[in-house]
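Listed in Swiss-Prot for this protein:
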| type | residues | note |
| --- | --- | --- |
| TRANSMEM | 25-45 | transmembrane segment |
| TRANSMEM | 73-93 | transmembrane segment |
| TRANSMEM | 97-117 | transmembrane segment |
| TRANSMEM | 142-162 | transmembrane segment |
| TRANSMEM | 167-187 | transmembrane segment |
| TRANSMEM | 199-219 | transmembrane segment |
| TRANSMEM | 236-256 | transmembrane segment |
| TRANSMEM | 263-283 | transmembrane segment |
| TRANSMEM | 288-308 | transmembrane segment |
| TRANSMEM | 338-358 | transmembrane segment |
Amino acid sequence: MLLLLAEYLQQFYKGFGVFQYLTLRGILSVLTALSLSLWLGPWMIRTLQIRQIGQAVRNDGPQSHLSKKGTPTMGGALILTAIAISTLLWADLSNRYVWVVLVVTLLFGAIGWVDDYRKVIEKNSRGLPSRWKYFWQSVFGIGAAVFLYMTAETPIETTLIVPMLKSVEIQLGIFFVVLTYFVIVGSSNAVNLTDGLDGLAIMPTVMVAGALGIFCYLSGNVKFAEYLLIPNVPGAGELIVFCAALVGAGLGFLWFNTYPAQVFMGDVGALALGAALGTIAVIVRQEIVLFIMGGVFVMETLSVMIQVASFKLTGRRVFRMAPIHHHFELKGWPEPRVIVRFWIITVILVLIGLATLKLR
């Protein structure tokens, strides 16, 4: 929006041409989203408290979590508001990738909002029935996948890239839609499963989003892409503005979500942010790198799958409780220790993901 204004004003003063630079708009985007989160956060927390929109807690969970009951939830709406405003202000709104990621994020956020709302109204932790949640996730995920497939301008946009193996490129064809669906929906649910402790999900999300922003910038620049032997996706660089907004909004939310949390993001935030990460990774053809950098999300998801499969097949549980962060809590780890150690793991995995840029 402001880019259009800057382009108009450039005819009167050439200095406005500086807004053409992605790096500047990325910096302004992160600062805008961060400021909005910090500014609106206290107001949103008070509003949620007044309306008694509090977290429902599982009775079979760790006993330490019973004290969290009633903590304001649905704070993810704050993150999405900051992301949307910052992106609309600083991104090039003629770029289709910006709209795809923003729309997918908000649609998955809508699913989470309905889920959270039902939890608040019914005063239990079940929320929206799983079949309906997965149905709408599938509708929106497939819709995004089909759109990206139909609007692909170059073959590389539907090719699977294997990091560290520069000669391995797999033409997916229509299977691109299938892969994209699983990446978007899988990422959405993985982040949601991780969101069980104060600040546990948001910080890894911020770190992965920041790294994906780097991939977006490099992939959108033909010279950098050729030098690093990564896919050149014209227009993908504009997504650095969205990624920066996510980083800023996430850090602003963490100010209130850090232990002991004043507010939880709820499904409205977790489902949306996970879908955003998945969609961005698909666009820049870095699905495998997302799998690496989001290793904490993968670990949380696998722990649930293993736990369910083991119990159904043998009647025994592998972990004391799933997702795995609860397993460590029941082993006696204090909540802050679990959180920070998972953050450290994410830092390492993100660095490994970034290292794939040179390991070719």
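Think of each number as a place in line: the chain as shown, counted from 1.
Glycine is no exception: its Cβ is also placed from the backbone N, Cα and C atoms.
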- Message: Six or more residues beyond either end and a Cβ under 8 Å away: which residues meet both conditions relative to the transmembrane segment (25-45)?
- Response: 3, 19, 72, 75, 77-79, 81-83, 85-87, 89-91, 213, 217, 240-249, 251-253, 255-256, 262-263
- Task: Considering only the recorded stretches 142-162, 199-219, 263-283, 288-308, state which has the highest number of Cβ pairs under 8 Å to the transmembrane segment (97-117).
- Result: 263-283
- Message: Let me spell it out: take the transmembrane segment (167-187), skip the flanking residues so only those 6+ beyond its ends count, and list any with a Cβ under 8 Å from a Cβ in it.
- Response: 104, 134, 137-138, 141-142, 144-146, 148-149, 152, 155-156, 158-161, 274-275, 277-279, 281-282, 287, 290, 294, 297, 301
- Item | Stretch in 73-93, 142-162, 199-219, 338-358 most in contact with the transmembrane segment (263-283), if contact is a CB pair under 8 A | 73-93
- Query: Going through 73-93, 142-162, 199-219 one by one, which has the most CB pairs that fall under 8 Å from the transmembrane segment (338-358)?
  - Reply: 199-219
- Note on the structure: Within the same chain, the residues 6 or more beyond the ends of the transmembrane segment (142-162) and with Cβ under 8 Å of it are 96, 100, 103-104, 168-174, 176-181, 184, 230-234, 279, 282-283, 285-288
